[in-house]
Amino acid sequence: MSDNGELEDKPPAPPVRMSSTIFSTGGKDPLSANHSLKPLPSVPEEKKPRNKIISIFSGTEKGSKKKEKERPEISPPSDFEHTIHVGFDAVTGEFTGMPEQWARLLQTSNITKLEQKKNPQAVLDVLKFYDSNTVKQKYLSFTPPEKDGFPSGAPALNTKVSETSAVVTEEDDDDEEAAPPVIAPRPDHTKSIYTRSVIDPIPAPVGDSHVDSGAKSSDKQKKKTKMTDEEIMEKLRTIVSIGDPKKKYTRYEKIGQGASGTVFTATDVALGQEVAIKQINLQKQPKKELIINEILVMKELKNPNIVNFLDSYLVGDELFVVMEYLAGGSLTDVVTETCMDEAQIAAVCRECLQALEFLHANQVIHRDIKSDNVLLGMEGSVKLTDFGFCAQITPEQSKRSTMVGTPYWMAPEVVTRKAYGPKVDIWSLGIMAIEMVEGEPPYLNENPLRALYLIATNGTPELQNPEKLSPIFRDFLNRCLEMDVEKRGSAKELLQHPFLKLAKPLSSLTPLIMAAKEAMKSNR
């Protein structure tokens, strides 16, 4: 199959997904899903200013200093925070001491009084999730403006972080990547988010164990570990290649413009290879140290099922990141515009599990597995991308506790803020498999807060039409979506699951990719 998508013997067109199962909640809640009946919604309306949500935390997220010549390790939490104490009266079924903004969110969340009484702690967990000072957007996914979409073949690399108080939506960011022709992005509440760790802090020295004094020591820690801009630039100079990318790559074609950077396709002069190049203005990056983290991780993670990092250059304050370009677009385009059969789903799951087995063997958790972060080659290759959220686990810290990822794909242990490990990626893969069946993840038609509550309390989601799936596929889903982490399958174990033996050749994905592109063209 050539990249131009021409087939000599054209097979019957694959089934196209005629309509989405998403329905608007119809409420006035600004956090409610606002979907049309089309598979992909129209361009989001201009965001109105939101009231700032009162934070239960006293500090801000800290950067961590990276070690020379090593993949950066995410340090154990050192922010000892003083929190607001919220109580729950079991008799009246009311919360006490709740900040006014939280109360407003709860009123419009569609979480019923019965649900609140049944599990008040889960309610508080999801409210904390929306705290304005804990929600952070991914730093390295590129931000396309409304008029310039990026082809999904260009790996995500964020060049803007909004400092605006946010729930799941942000004023300027969009880590979903559109394939030409430009299509409307998915709903804002399907974007990736990051919240700070809430793991119990490392015991403080005697005499400093009180939470308030811990907060003071947190400030000292931040001063010690925060990298200055000059230190960051110096570190970048040690990891990038020397030279001018404008001379090593030619035929630059602008395919997108973000608030602080530009994305191009270009051709490697020496190899004749088409690549994606991100030109990032570092002066507009508030979290430059996270760029170092992702570049170092990407440089070290070489695998056939991971989008390949090729090179990076620093010219003044401009960072050029060269990545593999996949012309097929993102899996999101396929799942929202076409209907996949089980054998095609098995093929995608197998490729993703191969990537996850490699990552987990290298003590790396991706933490944001979803169809948007799976890119396809025109010949059907399947590759994971977007390592802005990845975390390294170490012998000293084998579990993470930061709430990271995208709400609808999050594992219950992440939503409930428990310590977690690599199997959060397996849960997200299971949700992505449902996405491939139904065109969207479970609970997407719910208010985001209630969706998080349902994930935390219900656990394994119900399928819309389970009887239509084969027993072997249902068993695979059950192994991925097992609430008990110990019983949930690992990537290595699931690669041996009988369902994957049903997989069609990867070339079977090519007609779906082409059909998705045609459908998007007609939706313009």
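Note: Cβ is positioned from N, Cα and C throughout, glycine not excepted.
Quick look at what Swiss-Prot annotates:
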- Ile255, Gly256, Gln257, Gly258, Ala259, Ser260, Gly261, Thr262, Val263, Lys278: ATP binding site (BINDING)
- Ser2: phosphoserine (MOD_RES)
- Ser20: phosphoserine (MOD_RES)
- Ser55: phosphoserine (MOD_RES)
- Thr60: phosphothreonine (MOD_RES)
- Ser64: phosphoserine (MOD_RES)
- Lys128: N6-acetyllysine (MOD_RES)
- Thr134: phosphothreonine (MOD_RES)
- Tyr139: phosphotyrosine (MOD_RES)
- Ser141: phosphoserine (MOD_RES)
- Thr159: phosphothreonine (MOD_RES)
- Thr169: phosphothreonine (MOD_RES)
- Ser197: phosphoserine (MOD_RES)
- 1-81: region 'Disordered' (REGION)
- 88-248: region 'Linker' (REGION)
- 169-188: region 'Disordered' (REGION)
- 204-228: region 'Disordered' (REGION)
- 245-251: motif 'Nuclear localization signal' (MOTIF)
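It is 38 Å from the Cα atom of Ile255 (ATP binding site) to that of Lys128 (N6-acetyllysine).
Tertiary proximity for the motif 'Nuclear localization signal' (245-251) is limited to same-chain residues at least six positions away from its ends with a CB under 8 Å from its CB atoms, namely 265-270, 275, 277, 311, 313, 315, 320, 322. Ranking the binding-site residues Ile255, Val263 by how many Cβ atoms sit within 10 Å of each one's Cβ puts Val263 at the top. Separating the Cα atoms of Lys128 (N6-acetyllysine) and Val263 (ATP binding site) is a whole-number distance of 35 Å. Within 10 Å of the C-beta atom of Lys128 (N6-acetyllysine) sit 21 other C-beta atoms, taking all shown protein chains into account. In the predicted model, the region 'Linker' (88-248) shows an average pLDDT of 59. The DSSP breakdown of the motif 'Nuclear localization signal' (245-251), given as helix, strand and coil counts, is 4 helix, 3 strand, 0 coil. DSSP assigns Val263 (ATP binding site) to a strand.
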